[in-house]
Amino acid sequence: MSDALINGLAGAGGGIIAQLITYPLQTVNTRQQTERDPKEERRKLSTLEQMSQVVKQEGWDRLYGGLGPSLVGTAASQGVYYYFYQIFRNKAEATALERRKKGIGDGSVGMLSSLVVAALSGCVNVLLTNPIWVVVTRMQTHTKKSQPNRTGSLSSEEVLLAAVEPPPYGTSHVIQEVYDEAGVLGFWKGVFPTLIMVSNPSIQFMLYETLLKKLKKRRLSSGKGNNNVTALEIFLLGALAKLGATVVTYPLLVVKSRLQAKQVTGGDKKHQYRGTLDAILKMIRYEGFYGFYKGMGTKIVQSVLAAAVLFMVKEELVRGSRWLLTRAPIDSVKSIPA
């Protein structure tokens, strides 16, 4: 089994576990990003209060709205990303060794090369999986009308209407809705800001590898002769790397969510977006720069936790896979070369 395939499968497994743990935070965050009701904004509920509100008004299941396609998207995204990352990384390492033979460089992959490798992997991932995330965003932002608990004060006609549940807002419903609105191209809404957002994993991996390299060098220089990195250290390095990347790229994430959410077809045109530039200009005009950072606190918690779990689980899966294949302990940190 190739390194690329091992890393791809391990990345998919780690992504699924991280997604299951942090999904309610992700749902609330997407709603925060796409909220355009001034009355709701003035209330400024905390993340926990918003989660409680969703549970009371719509039920527990709405916190996990779109979980099915989201898990598919996470597995696909992480698998595709890590698979192509390893392929591009191997090519970069081979190029660096060739340059060393010619007397250029020290044979290691530099920071700029790591950034390019991560960016290329991210672009491939975005182009292949964007349709899944359009569906997920629609399902996360869909609000379910709460049914009245009491019917004594209602007329017989109102009681009948309250008892009728609307059809489930499932994956097939969303796919049909997106197709009816914009055709096949509708599944690539928000792809432009998302492509720009490949700088997020690029920055994340650049920070992660830089921190990892420094930690390993410090271990070697300490004289212990052991540069193994523990699962807890991987967890902390992944969290720090994701924190830095999220702060830089968050405004693009808000724009992407606005474009992928169901568009307002009637009423105030300030909430109707024709494209990325139109969304940015209207947000600046009607909401100010604050609009680009709605829900950032929730996103930082969710992203940092998810990334930390992802790195930790992925490294352990790679370690386990290689041990099973070779029947000998191997330093799994080599799955992401320093």
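Using the three backbone atoms N, Cα and C, a Cβ is placed for every residue, glycine included.
Please treat TrEMBL annotations as automatic predictions, because they have not gone through curation.
Here is what TrEMBL records for this protein:
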| type | residues | note |
| --- | --- | --- |
| REPEAT | 2-91 | repeat 'Solcar' |
| TRANSMEM | 109-128 | transmembrane segment |
| REPEAT | 109-214 | repeat 'Solcar' |
| TRANSMEM | 187-208 | transmembrane segment |
| TRANSMEM | 229-253 | transmembrane segment |
| REPEAT | 229-320 | repeat 'Solcar' |
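The list of residues near the transmembrane segment (109-128) in space but at least 6 beyond its ends in sequence, with Cβ under 8 angstroms from a Cβ of it, reads 76-77, 80-82, 84-85, 88-89, 92-93, 96, 191, 194-195, 197-206, 209-210, 337. Under DSSP, the residues of the repeat 'Solcar' (2-91) split into helix, strand and coil as follows: 80 helix, 0 strand, 10 coil. If you look at the transmembrane segment (187-208), the same-chain residues 6 or more away from its ends with a CB under 8 A from one of its CBs are 81, 85, 111, 114-115, 118-119, 121-123, 125-127, 130-131, 133-135, 178-179, 237-238, 240-242, 244-246, 248-249, 252-253, 255-257, 259-260, 275-276, 307, 311, 336.
DSSP states for the repeat 'Solcar' (229-320), grouped as helix (H, G, I), strand (E, B) and coil, give 75 helix, 0 strand, 17 coil.
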